[in-house]
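*Asks:* My structure is below; once you've seen it, I'll send some questions.
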Amino acid sequence: NFNFDSIKANIKIDLVVLWAVAPALLHEQCAKQDEKNHVMKSNVWLELHWHDYQLQWDPSDYQGIQKLRIPSDKIWKPDIVLFNNADGKYEVRYKSNIIIFADGNIQWVPPALYQSSCTIDVTYFPFDQQTCLMKFGSWIYNGDQVSLGLLDDKNYVSLSDYSKSGTWDIIELPAYLNVYSEPNAPTETDITFYITIRRKTLFYTVNLIVPIIMVSFLVIGEFYLPAEAGEKVTLGISILLSLVLFLLLVSKILPPTSLVLPLIAKYLLFIFLMNLFVISMTVIVINWNFRGPKTHRMPSWMRLVFLKYLPTILFMQRPKKT
């Protein structure tokens, strides 16, 4: 009978290997990219391997038992945490069982739902690509006490259990082991996973890009209406309201940042200003079109220019009275 009654002795760990099996953006499973708060939610499995020489035995002495499964709080385990978390919860929430092998090797595969901070660049929204990182390391121990490494020297993340998202496509998931060393200071290590994702554009193309382009062509169509048509100003104001609606929609989707302005927002502002100019010109044209001798008198300078000097230059004569 084995008695693992809270074995938490101070031992030297030969190797601690961290490997994220499936850091995936599982939108269908309540994991998503929170763009407004610059937060990425990832549903992952963490696979950790290390060796503990105090937890090994000869299987022949114990009826051929090769491995044991015990609660994770009964033995020492490395305090691997997510450094760039966004919710203040560093450790794994679900404490799954730990597998101990007869040779002293230990395996722990806990599931986790992480919220990591991620700077979102929305310049090319909705045709944008984001790169977020998840930085793992030991919170208490330095690199000389706990040596980190990639499992089987694999510098990528397995996507075998990845559930595809309806919003994002994963482009690449490289993993890097970082070692920081300074004179007269202990070595620090961490493992960083870079998650490069690309937005799926079909939804935004159908519901945002195409309507904006169609509304832009309507601005040009205002000039084709005759001046007598009172719908010229009505059409311009309707287009103006639709552009305001699109601006509100874009501002609701994107994070409130002053660092960059999306190209689609710049385009909407440009069309908005152009439509204001078109409405102003339409008002002037309608005003001139409906002017008459009963409502407006011709200015004296205009009478001199068009009735005296200009006819003389053009060799024109006043028609004789009949």
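Every residue, even glycine, has its Cβ placed from backbone N, Cα and C.
As listed in TrEMBL for this protein:
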type: DOMAIN; residues: 28-201; note: domain 'Neurotransmitter-gated ion-channel ligand-binding'
type: DOMAIN; residues: 208-321; note: domain 'Neurotransmitter-gated ion-channel transmembrane'
type: TRANSMEM; residues: 202-221; note: transmembrane segment
type: TRANSMEM; residues: 233-255; note: transmembrane segment
type: TRANSMEM; residues: 267-288; note: transmembrane segment
*Asks:* At a C-beta cut-off of under 8 Å, are there same-chain residues at least 6 beyond the transmembrane segment (202-221) that contact it? List them, or none.
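*Replies:* Result: 125-126, 167, 235-236, 239, 242-243, 246, 249-250, 264, 267-268, 271, 274-275, 278.
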*Asks:* Determine the mean pLDDT over the domain 'Neurotransmitter-gated ion-channel ligand-binding' (28-201), rounding to the nearest whole number.
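*Replies:* That stretch averages a pLDDT of 83.
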